[in-house]
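Asks: Pasting a structure here, questions to come.
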Ligand SMILES: Nc1ccn([C@H]2C[C@H](O)[C@@H](COP(=O)(O)O)O2)c(=O)n1
Ligand SMILES: [Zn+2]
């Protein structure tokens, strides 16, 4: 019998895990996921956007607009930072898979952690100044950026039979 042909590539696998992780997010508008792997392709950190420990998902605001302190923005921990903080070992020369291109704050954390490659799926905010700053931060630190195009339409997990 020959091997299966339609198995997941490494890129699809790690980006799939980033997406699955993002599905844990309670943010009603944007769910972001991140998955960090080491040079041996071992997963060493996973994260999604959410409020810090101790802050209730039900009591904190998920608003995008209004008085700054009444919105989610000053409180939410970004997926990339959560993945970095959740990592189980040094991130030197690691790769981070992210569902969305990192913001400039996450870019700084990614560089300082020693991550050397960013593989991203969506770049929908590429024209924002903060995204331009991210690119500059990555370029200055020689962090490789790679857009991942996934050819298959979906990955199905079937929990029935
Ligand atoms: N690098 C990023 C950028 C954003 N996020 C999170 C922060 C928010 O929960 C959400 C963005 O919300 P929106 O302004 O689209 O309503 O995404 C992140 O985790 N990592
Ligand atoms: Zn961020």
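Every residue number used here counts from 1 along the chain in the order it is shown.
Glycine is no exception: its Cβ is also placed from the backbone N, Cα and C atoms.
Take a look at what TrEMBL says about it:
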- 80: active site, proton donor (ACT_SITE)
- 78, 103, 106: Zn(2+) binding site (BINDING)
- 9-137: domain 'CMP/dCMP-type deaminase' (DOMAIN)
Asks: Return the residue, from the listed binding-site residues 103, 106, with the maximum count of other C-beta atoms within 10 angstroms of its C-beta.
Replies: 106
Asks: List, in sequence order, the residues of the same chain other than 78, 103, 106 whose Cβ lies within 8 Å of the centroid of the Cβ atoms of the recorded Zn(2+) site.
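Replies: Near the Zn(2+) site, the remaining chain residues are 79, 80, 81, 102, 104, 105, 107, 109.
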Asks: Near residue 80 (active site, proton donor), how many other Cβ atoms are within 10 Å of its Cβ?
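Replies: Around residue 80 (active site, proton donor), other Cβ atoms within 10 Å: 30.
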Asks: Which ones in the same chain are close to residue 78 (Zn(2+) binding site), with CB under 8 Å and 6+ residues apart in sequence?
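Replies: Non-local contacts for residue 78 (Zn(2+) binding site): 32, 49, 102, 103, 105, 106.
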Asks: As a test of reading the model: what is the averaged pLDDT for the domain 'CMP/dCMP-type deaminase' (9-137)?
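Replies: When the pLDDT values over the domain 'CMP/dCMP-type deaminase' (9-137) are averaged, the result is 97.
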Asks: Through the lens of DSSP with three states only, how would you label residue 103 (Zn(2+) binding site)?
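Replies: For residue 103 (Zn(2+) binding site) - judged by DSSP and reduced to three states - the answer is coil.
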